[in-house]
Every structure is written in structure tokens, then in C-alpha cells.
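Pulled from TrEMBL, these are the features on record:
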COMPBIAS  1058-1070  compositional bias 'Low complexity'
DOMAIN    38-184  domain 'CSC1/OSCA1-like N-terminal transmembrane'
DOMAIN    208-377  domain 'CSC1/OSCA1-like cytosolic'
DOMAIN    388-671  domain 'CSC1/OSCA1-like 7TM region'
REGION    1042-1070  region 'Disordered'
TRANSMEM  38-59  transmembrane segment
TRANSMEM  123-142  transmembrane segment
TRANSMEM  162-184  transmembrane segment
TRANSMEM  394-417  transmembrane segment
TRANSMEM  437-461  transmembrane segment
TRANSMEM  482-506  transmembrane segment
TRANSMEM  526-548  transmembrane segment
TRANSMEM  595-616  transmembrane segment
TRANSMEM  652-673  transmembrane segment
TRANSMEM  685-704  transmembrane segment
Amino acid sequence: MVDMLGTKANVLQSRDPISEFLQLLQDPFAAQLSSNSIYAALGSSVSITVAVALGFSLVRPLNTVVYAPKLKHADDKHAPPQLGKGFFSWIKPLWTTTEQDLVRLVGMDATIFMRFTRMCRNIFLCLAVLCCCIQIPINWYKNAAPESPWLQKVTPMNVWNQWQWATVVMSWVTTLIVCFFLWWNYRKVCELRIQYLRSEEYQQSLHARTLMLYDIPKNLTSDEGIARIIDSVAPSSSFSRTAVARDVKILPTLIEEHEKTVRKLEQVLAKYLKDPKNLPVTRPVCRPSKKDPSFSTYPKDKKLDAIDYLTQRIKLLELEIKEVRQRIDKRGSMPYGFASYSDISEAHAIAYLCRSKKPQGARVTLAPKPNDIVWENMPLSSASRATRRLWNNLWITVLTVVWVAPNAMIAIFLVNLSNLARVWPDFQKSLETNRNFWAIVQGIASPALTSLVYMVLPIIFRRLSMKAGDMTKTGRERHVVAKLYSFFVFNNLFVFSLFSALWSFGATVIKNTATDDDAWQAILDADFGTTVFVSLCGISPFWVVWLIQRQLGAAIDLSQLWKLIYGSIMRKFTNPTPRELIELTAPPPFDYASYYNYFLFYATAALCYAPIMPLVLPAAGMYFAIDVALKKYLLMYVFVTKTESGGMFWRILFNRILFGLMLSHLIVFLVVWVRGFGYKTQAYAVVPLPILIIIFKFVCSWIYDNKITYYSTRIIKHRNAEEGFGLKEQGPRNDRLASRFGHPALYKPLITPMVHAKAQNILASVYQGRLSDGRDAGLGDSMSVSGYSDTYALDSMASGKIGKLSSAVPGFEVVPESRLDFEFYKNRDEFAADHGAGELFGRASDIVRPDTPGTMATGSDNNSRPGTPVGGMGFSHNRRFFSNQSDMGNTAYVGGYMSPSQQYSSNNQAPYSPPILGPGEAPVRCRSPLYHMGDNGNDSSSNLVYNAAGMPTSTPASFDIPDDGLHRERSFDSTRSRGALGGFSIPNPRAPGVLGASRYGYGNVPQTDDDMMQTPPNAIQSPHFQPNQGQNDPMQYDYFRGNRRQGPPPGAPGRGANGNVSGNSVWGGN
């Protein structure tokens, strides 16, 4: 083939560049076919893969930060098996770790990924054995052209008539095998999903029992409106806690700008303070931000002192964020909200009822995890989303079609630069003069450019999907998979395979019509089917080589080459900030969209070319067999799932495999149409296959989809919704059910600039004395860069020196060299958000957070940043946190609720001080007082569901009074908090797990009689006892249930013979 191309080039030397270019376009990918051989590809691919695996085995024990970061950072539950220092000690854990272990160690998404990879391996290995044993011998021995090359003998190009029945039979066998594996794995995925829905982690999560409503009509955008929407579908449903979203306006933009500014300041300081003993002569400068409201006041084209400007910019941003957060309740409501239930089955059953309905015009679905929501797209109307999807699909279609030309140009010119010289005479001279240089360019340019495109494409499609209105990140990733798959199949399969055939067919038709022949007759004479078939047979060896070379990509993934190179460059040739160094040591997130797209494309290419070139099946089977082991190691020890979807990728994978199978039916139809009997009986025998595939798809969907999605499709009444799941009564785990989903901008902690400890002493002088102590020491502006601290304004104490103040400059976080590791920051929101949201570290992502304004029963002290957790960052545990020690100021609380400091003290002089957390415990986010400002809390249009409070109660926890009467066992049980009330603790009236249920049920109305809530005898004796504390408002009324007397709800204590409640049964219950 090389000699033939060379002869063709000599003949065309006298032609003009346009003729040369047209001739090259007739077969743009010929160079890729002529420059490879299967033997060379197999030898190089296998040898390089083995060499990389051996190198990895040698380096792995020496660099666990890159090759096993999860061993260091994961908690005991999620930590993978320990690895020895031996050369091949990493292989045994891969062999012994079962699928059930994977669910626990890496999560459902990674487990489904591994199951899909194993399914592809099994499919192609089985098909490879059958096709190589049946189809290849028939094609070889029944070949009508014995002198043809051996690769052509493997194809059915020269096999005619009745022997094409082998192709038809193998197509049916292939379809049955693929469908069997798909059905088997669909059933296993369903079992895994049922296991996941019944797991303790899911049962105790907030999102599992929460519904998300969007496209809510304007007249129903209130807590009451959400309740009415659900009642219109399920009027007999139990109480729900409802919350409509509030308009956060520019708050997300401000927080994003704040984070960018902080990171910019860190970069400036890292570069300026690289050598604290030898500071640069000139201070760093920068241009003012165009987003700065004062931008027009700065001199044009004049740079400012970067440190001073960025510091002032951070201060103004934080003050603006504080101001916006304080008046957030005065904003209007948004057309989406959430409703939480005590029973998971009830929430899922209502979502099932609403799956094909739009009650009151609203959409009702199961709520995703809070960190999975794309909040900026939630307010979009259905019409806006439809318009955005239309434009998004249009742009992707344009990008897909436009890429055909660059793809062909790369194949023509970059793969073989001599083709460029044929149409560019000046380049011909340079090519002859510097052959070695251009040979290197030719070897690097094409794969580098192609790899760059494939790296950028997922980013582009992800951005487009966000603009399209996707409401969840996992949903966006599924759409990215679908669009990437479409792009690859069109450009790299259809265009690559059919380009030369279509060009030759068009040229033939044009040539025939030029001789005054009839156009239709010219089309018939060109024989499009035969042209395409011959073209596919000619290009089929490329796909064998291409699939064999995919092993190199798997080896590069195992070597983590990019991470090693990037980390080395960052540390040695740049000035990384402490934050960047910490992020370098974090486990990287796994890009499911890209890997799923690659695997689906490999499978589709193998299925399509299997009827023509059976050797693609063993090539694909070998790739998946190797990658099963390598990806299993990477998922167990290196990568984390950024946003867990619970295994919801399966259906999109199932559908794409079926699509690839249907494409293979088209290829079989083409083969037997061109080379079969004249009566086309063999072609008609293939026609039922696509129809059976469609029926199979709908049958699987009908049997399994509802089981995969919903925990229950009908409401099952339980005496105690939480019974059987091992929940501690009224513990902090149940407190998370009392929270709401809310926009992160309402509570997201603002990051603090990080500075390396080596620059600590020089930092104050860098700020020219502004941060040093003076007469304003201790005031707000001296406590942080912004003057608005994320924690209470207390003086920092020196670590390990009792009673000694820290010498760190206020407003900065000084990071010593020994703590430049993700291990020390993995429980902080700003770092954990991009690395598994804390689930890897033993903390679920949907922890208790302030919800949308106006429905929480807890509060936070007035010196706390709005929405900032009292105990530190959201994923933290084992931390100390302090209560407010100032007066309540002007903080307003809705009737029936109070500040934690008021609740546990009299005269506001003995504030509540939570105990130090023990191992495994975690602080609960407290309610921001900003959510309670105003007369009506959330300003709903009606008070039918007025600040929806807790669900019906069950027996409160017993008191645990110590023997000495002064202290008790340390605990963070929210029902028994140590305060300033002498020797006993005030019980939390919320019931265990019923969405923070309390005496105040639906509509803030008592669900139990007042005489059922007795006061403990020790509390009456306390000098701090307030007899009217916690009593109900007698003016409130339950509109739904009526003012009727009822017996005790499930779980509540029974009455004695005299109709009263026994004090022992109330206060001594479990």
C-alpha cells in the first residue's frame, strides 16, 4: 500500500495544488492505514503497558501521595485494604476485593463503573471466541480471491451467496449474547440499587426523604403553596416540612468574586514572600478589577499596589456579602422548594405518583443531595429551560459538524507532512532542509493536538450543559456522556469510515453526469452500497490497530504521569500558594463522563466492525480485560467520586450499548445485501433484530426502572418511621432532618487567605503597620482582612502554650510546612467540596444545613456569620466551638423560637456552651438569625403552614443526672445539652428522626396535649427554671386536623388510669 501511494504521488507531481488537495480529500485517512501494522501495534502496545506496570510497581511504595492517597485520607469505613511494600503487593487486594466491598469503599457510582467495565470485558471475550472460531474460518476458506492479503481474507469482502448466512447467524448470536449480558447486569444493578436504598447511610440522609418541587406557579411560591401542591396529589399523606426558596440575588456572584480575589491575594503573597529574608525591591502591582464598583474612579491604565488593593477588595466584598445576607428575607420567593417527610417510603411514593404529572403546574421529583444541585439553574422556568436546551443542542450540532473539516485536515496533513508539502511548495523546501525536525513535529503534533481536543471537549460540553439548564451535577454529567458519545460516533466513526466512500461516490457521479448521462442512472451505476462496503473493508484494519493501542491510555492512567509532571512543575518552577499545595495532595476526582464516553465508543466501534473485521473483538476484549484491573486499583486507591449519584449512570450506558448493537445490524444488512443472494432473503432475516432490540429495551425499563429509582411506589404506614434503622433517639443524626435544602450562598463560609508560616514574621510589615496592635486592637477591622470574621472575634491562642496569645497576623491563616497536606483540611468545606464532599472521610454530604429562610426551629447567635456553622466547617468533627457571650442585640426571632443562648440561660448571663465533641461526633449547623427576621418568618402569602415546624413527637429521651449533681458524661446528644442549669439538662422536644418533630406539628400547632409535656422535678428546683418556657400559643389552630383531642401519637407515652401521664414514663423513657 505504501508503494501504491508513492506511485500515486509521482503521477500527481505535475498537477496544481488544488488538484493535489482534491486527490488527498478522496482518501484523507489513508496515511493512518499505511503507517501501522497489527504486529507492530500489538508488540509496542503490550511491551509499553508491561513496562509502565513494572515501573509503577517499583515507584508505588515510594510515592503514596500520588499512587495511594485514599489510604491516608479515608476513614476506617472507606479505607481500602492496606498495601505492602512488595513489588506486586498491589495485585492481591484487587483479586480479593468483592463488589460488596467496592460499594462500601468507593460508592455506588464507582461500583457501577466497574460492573460496566467487567460486562464489556465478558461480552467481547465471549464474542471473540465465537467469531474467531466460526466467522474467520468461513471468510478465509470461502474467499473468492486467494491472492488477496491475509487481512482482506479475514473480511467478508470476497465471500458470496449462501456463505453469508454465517454472517446472519453470527449477528443473531451476537445480539442474544449482548442482550443476555445486558439483562443480567441490569438485574444486578437493580439489586445493588435496592441494597443502596436500604442502606443505613441512605436511610439516615436528608435527601432520601425529601421532595424537590420546581416550576411552581407564582401564586403557590410559599411554604403553604408547596403543601397544597402535594395535597392535590396525595391528600392522605402525612405531615411534611415545606420550605420555599428565597431569591439570593447577587450573593452567589459576590461569593465567587470573593473566592477569586482571595486566591489572587494568596498568589501575590506567595510570589512576593517566596524568600522572606530577601523581599523584592518593588511591591507587586495589579490592575483594578472591572467588577469593582469603584473601577471608574481609578486612574486609567495605572496599576495599583496589589496587596493593598486586593485586601481592600476582600474587605468590601465581605461587607457587601454580610449586608446582602442580612436582608435576604426581604427578597421575593423563588419557583422551587422542598418538602421533607419522616418516612422515606412516603416521599418516594409521592414522587412516583408525580412522575408523569404536573400537579398545579409544578414538577415534583426526589430531591438530590444538596451538593448535587446546580442552584443557578433552579429558578429557570420550563420555557427557559426548553429554549436553552434547544440552543445548546444547536451549538453542539454545529460544533460536531464543523469539526469534520479540522478532523480531515489533521488526518491529511499532520499525520503525514509530505501531503502538506504537495500543496504548499514553500513548505516543501523547508521539509527537505530540516527532515529530522519535521519528523519530530509529525510524531508529536497529531497525537498532542488530538489529545488536547479530547481533553477540552468534555469541558466545553459540561459548560454548555450548565447553560442548558441542568438542575443537578450528576444529571449534567449524564448529558455530557450522551453528547460526547454522539460527537465521537459521528466524527470518529461515521465520518472516518464513510468520508472516502462518500467522496469517491460523489466524484464518480459527477464524472458520469459530465458525459451527459442521466443523473439518476449515474447514481445507480455508481452502486453506493458496494462503494461503502468496500470502503469499510479497506479501513477495518485501522480499528484493530486503534483498539490495540488503547492499552497505552490505560497504562498512562495507571502511571498518573500528568499528576506527577504537573506537581513537579508547580513545586519547582512556580510559586504555589499553601492552598494549591494542599490541593495537590488531595485525591483527584474521577471523570466519569470522559471514561464512560471512551468505553462506550470503543464498544460501539467493536460491535460495528465485528461483522466485517472479527479481529476487533479480541482487541476490544484484551483492552477491557486489562483495564478492569487497572481501573479497579485507581478507584480503590487514587480517585474519588466528586458528586455521588447512587449509580444512576446505568440507563444511559444500557441505551448506548443497544444503539451500538443496532448499528452493527445495519452493517450486517449492508454486507448481506451486497454479497448475499439476489433475492435478498439474508438481508430480510436481519430486519427483525432492531425491532427485538427496541422491545427488549422497553421490557427492561418496565421491569427494573421503578425499582432502581424508588424505594417504594406506595405509602407504607409505620408506627415509627425510623424504627429498625438503629437511630439514636434525638441525637445529632436526627437533627439533620430538621434542616432544609438551601442555597449554599446563604451559609457558605468565606475562605480566609492562607500564608506560609515562613512569612509569618514579615507579614505585618508587608501591611505597613495597618494590622499591628494599636488603640483599635480587638475591634472588628483588626480581627480579619475584611473586618468581618467567619468566627467569633476571640483572640487566637498559641498552639501548645496555655494562656499565650498567638503571634499570627489576624485575618490570615498561617500554614506551617508540616501541615501542607490535605489530611489536615479534608473536613473543611472549601477543600472537601471538590473531593467527595466529605463522604470519603466519614461525613455524609447532606449534613444539617440551614434551609431556605423561615422554617428552622433552631437559631444561631448574633455574632455568627449568617449560615456559618457554630462548630466550624460543615464536614468538621472533633472540634471545639464556642457560644456567643454578648447580648442579643437587635436579632429578631419568630414567635415560638429563640436563640440557643436564650433557650438555655436566664437573663442572658449564662450562655449555653456545648461540650467538646468526642471521636466520631460532629457539630450540627445552627440556624442563622437572619432567617428569622421579620414578622412572618419566611413571609409566605398565607399562614396556613406558618413556619412549618416539627412532626408529631414520640417519647423524649430520659434524663441522665450524674451522682455529683454538677457534671455528667460528655456527650453531644442534642436532647441533653450541658448548660448553666445546675446539674440537669433541658430535653429537646423534637422526636427522634421525625424531621425534628416537636410539640409543634403541621402549622406550628401542638400535636400533644400540654399536660403530656411535664417538667422534670429537678428543673423546678433550679434557680434558672422558667415556668412558661416552650409553651404553645393558644391562638394557633390546626386547619387540617381540627382542634380535636387525640390519643398519644405513635411513640408517645401512654396515660395512666387517671388519665394523666406518668412522670417516669415521660422522663424516664428511652
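Backbone N, Cα and C define each Cβ position, glycine as well.
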Check: Roughly where does the domain 'CSC1/OSCA1-like 7TM region' (388-671) sit in mean pLDDT, to the nearest integer?
Finding: 86
Item checked: Interface check, the transmembrane segment (162-184) with the transmembrane segment (123-142), three or more C-beta pairs under 8 A -> yes
Check: For the transmembrane segment (685-704), what are the same-chain contacts with Cβ under 8 Å, counting residues 6+ beyond its ends?
Finding: 168, 171-172, 175, 179, 182-183, 186-187, 189-190, 651, 654-655, 658, 661-662, 665, 668-669, 672
Note to self: Is it possible to list how many residues within the domain 'CSC1/OSCA1-like N-terminal transmembrane' (38-184) are helical, extended or coil according to DSSP?
What the structure shows: 111 helix, 0 strand, 36 coil
